[in-house]
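If you check TrEMBL, you get these features:
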TRANSMEM  A:12-36  transmembrane segment
TRANSMEM  A:43-65  transmembrane segment
TRANSMEM  A:85-110  transmembrane segment
TRANSMEM  A:117-138  transmembrane segment
TRANSMEM  A:194-214  transmembrane segment
TRANSMEM  A:281-303  transmembrane segment
TRANSMEM  A:345-365  transmembrane segment
Amino acid sequence: MTVSSSSPRGDMLMMLGMIVAIVFGPIILAPFGAGYPDLMQKFAIYGIFAIGFNILFGLTGYLSFGHAAFLGVGSYSAVWMFKLLSMNVIPALILAILISGLFALVIGFITLRRSGIYFAILTLAFAQMSYNLAYSVLTPITNGETGLQLLLDDPRILDAPLASGDLPLANLFGLQMNSTYETSFLGMTLYFNAGYYLCGVILLVAFYFAMRIFRSPLGMMLKAIKSNQNRLNYTGVNTRPYTLTAFVISGIYAGLAGGLLACTDPLAGAERMQWTASGEVVLMTILGGAGTLLGPIIGAGAIKYFENIFSAFNESELNAVFSFLPDGLREAVVSVASTFVGEGWQLTLGVLFMLIVIFLPGGLLEGVRRILSLFNRPPGGGMEERSARVKSAA
Amino acid sequence: MGILNVSSINMHFGGLQALNNVNLDVRQGTVHAIIGPNGAGKSTLLNCFVGRLTPDTGVVDFDGISLIGLKPHEINQAGVSRVFQTPEIFGDLSLLENVMIPAFAKRDGSYRQNLWAPLRGESKIRERAMAALADVKMADKAGMIANTLSRGDKRRLELAMGLVQEPKLLLLDEPTAGMARADTNATIALLKEISATGLTMVIIEHDMHVVFSLAERITVLAQGTVIAEDEPAKIKGHPKVQEAYLGGTHS
């Protein structure tokens, strides 16, 4: 997909598709066992995180291994806003954006002096530093290992005093994030949850903004950085402000995602900043298709879905699945398979990731395109396509 | 005094004196070739013009400003474009994008891209890029991905990327290296056309056929020292040049 080949009509269709997918999300996802609020919120939130990461990695090729730091910063900022100002999500999200953007500006300014592997290591070091600081020096802000939580005696200066002894809930001008309308449809329970729709609307805005960047001169310059930064320097472009812009934008996306995590579940812990969380967004982006618009959302959805499916499996369920096998064999199969599920679901993720990178380097989106091209091939066009491929390989 | 004025350049790498008191005066609107055997210091000299290397001592003045200490992008903005020996292009972007990028760089300087204006609304930049592609006879390939081009075509694309910026000085590092004879002749014809527009060019070249077809003035480097600078006809017969470079066998 090149910048110049995009058409306004194609973009509008993609946007409409996103709107439909988000509005009817609870109905679309229910048959897959993924239609409950908690998971749907995660799809949207990690979709935002991955879209933002893709603006840096997919466009400029700068691989950051520390983006979870911004996610964590966003969460802490949001929870502090809940504690000090109001349980309304708007100020919380605004602060999450501001603080993570500022944090990204500082870290980007330092780390972008290097590129390639050195940049990756520097960002990783910064994220681990933030993680350790959250557990040590910054405990007054982060509340250390317990994590930052809401307390009954928090000031919340804009909110009315609590009527009962219960902790307040995050809301959007009174609409509580956990309020859910349940209904039954074809034997399935559908959950229409306020928190999910908030995340969904923000995902839409985030997606639209990313699309504008992809289609703008800025996006083309960022792609040029990935393609040949040296040439760009000799073309009269100082690349630093461009990479810094991309870094800050992606940091803000991560902070926004962190803020939304806090909106749907008002607590923040340092484990959100751990390097495994940073690695996860790299996996999401590559799994879905780095440098594409939809890829990161697909990747985020796939990983969160599989995490949910595979981590829920346990040995007795496996025994039930393999019950058709003779006893001795079944035990052997179950003992092998059980290492891939439950706590060990990341092993499955690792295998899946390897298969994708080896056989579908363009990610899941490339897989979808290949399947579509099987159906769209014009009659007798096989030869032409092959010769075109030979030409492009030469 | 010419548009590019180089005096007393010295440059050494460790114990090797790569450039030894080099002087060069490139006149406005001419094609100036720098020739010399391998290791003579031609590319080192060129790298001193574009900010890739900083000479130990000496002056590089271009159009009234000193280029010493400027960064590559600043030198480009001053009006110097360079075509590399190995094509430096944006391989995974289309030809049109390859040429639009320098056009944007020229218009917006180092950082003034409009985030919100969609690219397809930039019709003027697109027209200029298409015109530059047409200048190098590649307008019909505008939609192709640059990496799929042949080496000769990549060179021509890079030339278009330089030309679209309407530079005051174009530096060409062996523009026909590795090309077949037919491609070389096409490139010579193209460069002649460009030169006729009055653009000043500095060419580093091994191929004497190219040099003597294009150059109006030739500087000969050997072991980091200028041994001759003159018109092509006189260079051909210069005894020192024959000895150092042509080995007396070139007619």
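Easy rule for this one: first residue shown is 1, then count along the chain.
Placement of Cβ uses the backbone N, Cα and C atoms for every residue, glycine included.
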Segment-segment contact (the transmembrane segment (A:281-303); the transmembrane segment (A:43-65)) at 3 or more Cβ pairs under 8 Å: yes
Cβ contacts under 8 Å made by the transmembrane segment (A:12-36) with residues that lie 6+ beyond its boundaries: 43-44, 185, 188-193, 196-197, 200-201, 203-204, 207-208, 211, 293-294, 305, 308-309
Long-range environment of the transmembrane segment (A:43-65) - Cβ separation under 8 angstroms, sequence gap at least 6: 22, 25, 29, 34, 71, 111-112, 115, 119-121, 123-124, 127, 196, 199-200, 202-203, 206-207, 210, 213-214, 219, 222-223, 225-226, 242-243, 246-247, 249-254, 256-257, 260-261, 264, 275, 278-279, 281-282, 284-285, 288, 290-292, 295-297, 299-301, 303-305
